[in-house]
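Each remark here refers to the structure printed beneath this line.
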Amino acid sequence: MAGSAQPPTAAGDGGPDGGLLEGGGEAFADRSLSQGLSVLVGLALCVTMLGLGCAVELGQLGHQLRRPVGLLLALLGQFVAMPLLAFLLALIFALDEVAAVAVLLCGCCPGGNLSNLMSVLVDGDMNLSIIMTASSTLLALFLMPLCLWIYSRPWINTAVVQLLPLGAVSLTLGSTLLPIGLGVLIRYRYPRAADLLVKISLWSLLVTLVILFILTGTMLGPDLMAHIPASVYAIAVLMPLAGYALGYGLATVFKMPPHCRRTVSLETGCQNVQLCTAILKLTFPPELIGSMYMFPLLYALFQSAEAGLFVLVYKMYGRDSYKQDMLGEEEDTDISYKKLKEEEVADTSYGTVTTEEHNSIQMEPTQTAL
C-alpha cells in the first residue's frame, strides 16, 4: 500500500492497483458500455427502492417509532457491525486501496430487499424485516458517508481514497428517497398495486444480477474474473456469513424470540448490492475502479447462496420446532378460553336441578354473591 499516492493514469501502467486495472479498466472505460451499465443499475436501484417503499405501512412505521427496537437493530447491525467487519477483513487480507474501498463501500451499505424475501421463507417477522430495511436505508443518507470517511483512514494517502466522492455518494443516497416516498404513497392509496410492485421489485433484483453477470462476463472478457485477487473472493464468502452470525448474536443479546433472531440475522448479512453497484459505477471513474466493480456482484452471489443454505437448514431441522411453538400457543389459548367459559357458567347460574326419584324433580335455590 505504500507508494500508491500517485493517481493511476492508465490501465496496466503499474499504478496502485496494478493487475486489477489491467484486466478490466480499459473495458470499463468503453463509453457506450459504461453508459449502458449505468442506466441499467440506475433503473434497477429505482425499482428496488420503489418496492421497498411499497412494503412500508404507515401504521407499522408509527408503532416502530414508538418502540424503536427495529430502528436500533438496523443502526447497530448495518452501521456498526458490518462496516467494522468490512474494515477488519480488508486489513486482515491486506487489500490494496481499490479493493479495500469496494469492500468498505459494500459493508457500509444499508440492508437489501433480499432479506425480506428470505425472512418469509424462514417464518420470520416480516414487519421487523421491512422496518429494518427501510430505516437502515434512511439512516444511510447520513451514516454511510460518515462510516466511509472513518474507515478509509488507513488508505487516506492513496489516489482512490483522495478521490472518494462522499458528496456524490450522498447525492446517490438522496435520490433514493423519491422512489421510496412514492412507494409509501402508493401503499397508502392503492394497496393492491403496492403488493404487485413489491413482487416486481423482488424479481427485478434477481433478474438484474443475472443480467449484470452476463454482461460483465461476456462483453468485458472471460479473463475479467481472473484479475480479481483470491483474497477478494475469500472476503465475498466470509463477509455475508459473518454478518448473519453477528445479526443472530445481536438479536440474542436483545433476548428476542427465535423468529425475530432469524430475521435480524438475515437483515444484517444481506446488503443492498444494487446501491453499492450504483455508487461504484456512477461516482468512480471506470478506469480507476477497474474490476472491483464486480465485488458487489460477487457479494450478492455468495450472500444469496448462504441465505439459501440458511433457509434449507431451517426447512429441514427448524420448522418442526416452530410449528410446535405455534401449536403450544394455540393450546394455551384454548385452555384459557375453556376456563373463562366455565367461570362464566358458574357465575350466571341461579339454581341447580336435582333428581331424587324417578318422577320427581326439585329445584334447589342457590345463593350467589352479589
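Any Cβ shown, glycine's included, is placed from N, Cα and C.
What TrEMBL records for this protein:
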| type | residues | note |
| --- | --- | --- |
| TRANSMEM | 37-59 | transmembrane segment |
| TRANSMEM | 71-95 | transmembrane segment |
| TRANSMEM | 128-151 | transmembrane segment |
| TRANSMEM | 163-188 | transmembrane segment |
| TRANSMEM | 200-220 | transmembrane segment |
| TRANSMEM | 232-251 | transmembrane segment |
| TRANSMEM | 293-314 | transmembrane segment |
| REGION | 348-370 | region 'Disordered' |
| COMPBIAS | 349-370 | compositional bias 'Polar residues' |
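For the transmembrane segment (232-251), same-chain residues at least 6 beyond its ends with a Cβ under 8 Å from one of its own Cβ atoms are 73, 76-77, 81-82, 85-86, 89-90, 93, 95, 99, 102-103, 106-107, 260-271, 292, 295, 298-299, 301-303, 306-307, 310. Below 8 angstroms of C-beta separation, residues 112-113, 116, 130-131, 133-134, 137, 176, 179-188, 194-195, 197-198, 200-202, 204-205, 208, 211-212, 215, 272, 274-275, 277-278, 281-282 of the same chain, each at least six residues beyond the ends of the transmembrane segment (37-59), sit close to that stretch. Sequence-distant contacts of the transmembrane segment (71-95) (same chain, at least 6 residues past either end, Cβ-Cβ under 8 Å): 1, 64-65, 103-104, 106-111, 128, 131-133, 135-136, 139-140, 143-144, 147, 150-151, 154, 229, 231-232, 234-235, 238-239, 242-243, 246-247, 250-251, 254, 264, 267-268, 271.
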